[in-house]
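Below is one structure, written out as structure tokens; comments come after it.
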Amino acid sequence: MLHGSCYLTHRAPSGSKVLATGLLEMSLGKFRNVLLNETNPVEAVIRNIASNVTLIIFQAHAQQKDVTVSFDKFPSTNNSATGADRGLISILRPQQSICTWYLQSLEANQVFSTAVSIPYTARDPIPGGCNLEFNLEVDPNIYLEYNLVDTRIKFAPANLGSTRGESPPSCDSGTGQNSRWRLHYDIYQYFLPENDLSEITLMSHLRKMSDVKSIKANGVKMITLTTNDKTDAYFSSLPGQGVIYNIIVWDPLWNTSAAYVPAHTYACSLATPVDNCLSPTKLPTKIFFTILAVLGLFICFFGHRFWKTDLFYMGFIFMGLFFFVLITRVTNLGYDVCLILAAVAGIVGGLLLVAYWWRFGFVPLCMVLVGLMLGLLFSSVIFFTPLGDYRVFRDDAVFWVTFSCIALMIPVVFVGCPRILNILACGIVGSYSAVLAIACYLYTSLAYITLDLLRRVLKNDFSRAYTNVPFQTNDFIILAVWAMLALGGVTVQLRRERGEVPFPPHPYRIWKRERERRSTNILDPSHHVPPLRERIHNKLLQIGELFRKEQAAGERTPLLL
């Protein structure tokens, strides 16, 4: 219901009507879409509030532009909150049945947003009721910071609830069971549909993370904090993937709960023309992984038959990864330069491994590297599961010891059958390169199997981040493609290599044996092969004959007298 002499109706992206300017009549727990601008604040009003309601959290959300929520028509630092996801708490006085808030944006153009008010009663905790860090006296907001590696959320501690007209307990009244120290904080995470950056999708899914009941039904509980813990948490950033965070504060004595204001992020910019959410992957990365995928698919089906190409591929990945980490940690070079230098180092490493095989032909040492590559991928898959978010693995020593043991287990298990080990490595590692190439063009969580490992190596404090990722339709399809490629590659190679020697003979020994045979066996036609200089001279003469003009037909020799 709209009141006021000046208001307009517009169409939201979903086709529902939204308020442009004027007075917005709201109902508790009901979402309303509204168009905001800088010059005409919207007044939101709730009437006929029940007497058992002691506080109301009013919140407004926009996709990328900031909105301001205030108690006054002229906002100030202490009576307003500004951001993409912001809210205010109104603690009701006795007999109060009406609440008013004001909404506006910081943009001259209209900003589409959605607003809702959530009621709570006397025994429910007060989110942000013991705020000492932010501007508002009672601050129910979640403050979110992100970079390409991790995302941090911060919030103010809550306080115990109270009846109307009664002051809430002091935040410093003690640490017993009758104080705020008994409260627990459950942090929830909710993923938006993959590859969907639309505004209306965000607004519709924010409704699933705004009140306690909806959060428990739709979100995933990541961590539980007590009052003794710091009021912040870290998560792995997923550029291009929408994520909504919210916190439920729980009072174990009364078994009551209240929710903070949800906050969302895409871990990227929706407005910048370059490196935005629509194309978060850089062009050099796309080129690099596309080439790697082409070579990887060849290795997946033909790697064991083309043994030297297989060695080059494994050496390229190992040395490229090693030098990328080394260059990134010890220098301040940009990402593109580090990637190019790592690619050059990988090429050199692959060629050196092939040269080592040609000269010494020591299969066990080569297979240690091949098995290690398969072991690293297998161990990364293990920690990609929810097992990787166990608190014990926050400790770097425990994580790296466990990770290394799992990785080394693969070459140890297959020590007696190196051919099978190599074929498995070719099929699984080679096909995974196709997954990485797909991730450059289409979001998939499977890329974070190795990316989160790389983040942990490069950033010292990444161990504090929770690495949960969505697993939706795209991921199931790409996982099925990966499994079929790996299974197909392993099956094809096992059938082709049946009855063949496990590995090709040592090239250097064959060459040396042939040279000795030719030098001692004069009946061997190869024994009479001319020197290299003479062979080159004869070849040039043959080429020259092709361009020489033919002589005229007739007598070609003088007559004998």
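Heads up, the Cβ atoms here are built off N, Cα and C, so glycines get one too.
TrEMBL does not curate its annotations; it predicts them automatically.
Annotated features in TrEMBL:
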- 290-494: domain 'TM7S3/TM198-like' (DOMAIN)
- 287-304: transmembrane segment (TRANSMEM)
- 311-327: transmembrane segment (TRANSMEM)
- 333-358: transmembrane segment (TRANSMEM)
- 365-385: transmembrane segment (TRANSMEM)
- 397-416: transmembrane segment (TRANSMEM)
- 423-444: transmembrane segment (TRANSMEM)
- 476-494: transmembrane segment (TRANSMEM)
Per the Cβ under 8 Å criterion, with at least 6 residues separating them from its ends, the transmembrane segment (397-416) contacts 367-368, 371-372, 374-376, 378-379, 382-383, 424, 456, 463
Taken over the domain 'TM7S3/TM198-like' (290-494), the predicted model's pLDDT averages 91
Quick one: find which recorded stretch in 311-327, 333-358, 423-444 has the most Cβ pairs under 8 Å with the transmembrane segment (287-304).
423-444
With the cut-off at Cβ under 8 Å and a gap of six or more residues from its ends, the chain residues touching the transmembrane segment (311-327) are 295-296, 299, 303, 333, 338-339, 341-343, 345-354, 357, 366, 369-370, 372-373, 425, 429-430, 454, 457-458
